[in-house]
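Features as listed in TrEMBL:
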type     : residues : note
SIGNAL   : 1-24     : signal peptide
DOMAIN   : 110-412  : domain 'AB hydrolase-1'
ACT_SITE : SER203   : active site, nucleophile
ACT_SITE : ASP375   : active site, charge relay system
ACT_SITE : HIS406   : active site, charge relay system
Amino acid sequence: MREMSGTILTIGVCLCLLQPEIAASLSFSWGNLSLFNVNFKTPTILGRSIAMDSNLRVETEVDPNIDEDSHLNTYGLIYKYGYPAENHTVQTDDGYILTLHRIARPGAIPVLLVHGLLDSSATWVMMGPNKALGYLLYDQGYDVWMANVRGNTYSRKHVKYSTHHAKFWDFTFHEMGKHDIPSTIDYVLNYTGVSQIHYIGHSQGTVVFWIMASERPEYMDKIILMQALAPVAYLKHCRSPVVNFLAEWHLSLVLKLIGVHEFLPKNEFITMFNRIVCDETTITKEICSNVIFLTTGFDKLQLNETMLPVIVGHSPAGASTKQMQHFGQLNRSGAFRQFDYGWLRNHWVYGTVQPPTYHLQNVRAKVALYYGQNDWLAPPEDVEMLHSQLPNVVTKYLVDDKEFNHLDFIWGIDAKELLWDRMLENMKTQENSVI
């Protein structure tokens, strides 16, 4: 393993030293696994192509707010823009300590926002006032709460284990749905004194809701309306090259080379590297865009490229290796079920050779599904499959933009007009039906 890791490192260094004309189209395979296949485009400035070895220095005046926002945490972002920011701490019944952020409007109906994979609460506010869903909901009169699941930037503590312990990272999104989200919902209800809340989840934030319903169905009575952005359960038709790569049989070996327990560690080196690659003053923004959106699909028209330094300043926000393996398993099996340990350990853990399937019929809460045609992680075929299994879908909406992709639901330039206004109308409709 040590020799193998050294080989990978050597290959990586050599690739960095390749001449631009040689590195214009790169791919590297390990057995039958393609680790990457990236085509680097020659940058253009004012419509003119620039050779990568050109002496031309491109300088763009950077908005100081962008650099500052890339360094601020979620609380700092909310506070900076004049909104009432609060930090809260939630302890789960299995010992994880989670940070919960709030844009406080006491007495208003609470709405809980749950982020997606490798993301955090910052995703709901990082684009700034008038451009982020968290602020929009507050401005529309809601008490906004933003969750952080175990293992991300804001939830890296445990009553017994540190992030250096393997036991800390022994979780998938199953534990998030069974422990993190129920504990967070209970905290919000107890703190505000209300009996029901709105729930908005993006990507993995929808996965954990389905799991909560399956394993702890009593929580469905605490939800006014669950709105699922880019909903994920089935990954049979997933077109993400990263998830499809994770589904390969050599996965365990490759993931150990990336991180034995934590996938893509959120350390200072990675943060600095991302900021260098995506800095506003460089001519590599388009390359950076392709890397960031390799997992989810890419819609250039909806991406505010100026905000890339802020995006990479907050993501990736952390995940466990086991969590990533679980996504790969869903793709490989085509089923929505618990983690597969292999038939022998499955029998010991579950009492069955195959892992148990989640009970989507337990999702009794009202559900609104929103999906996109250009979504690699939640393609229409898989969303339709999910829809057929859910018992109480009150609305299903395919965004009216053929290029709308997975991240446009939260970062899209036109997300308000294409989607968020509709979501607010649906929230008001369901609130009126409860009264």
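Yeah, the Cβs are placed from backbone N, Cα and C, and that goes for glycine too.
Heads up, TrEMBL stuff is auto-annotated, nobody curated it.
A map of TrEMBL features onto the structure.
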residue : record                           : CB count, 10 Å
SER203  : active site, nucleophile         : 26
ASP375  : active site, charge relay system : 28
HIS406  : active site, charge relay system : 29
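Rounded to a whole number, the C-alpha distance linking HIS406 (active site, charge relay system) with ASP375 (active site, charge relay system) is 5 angstrom. This prediction places the mean pLDDT of the domain 'AB hydrolase-1' (110-412) at 88.
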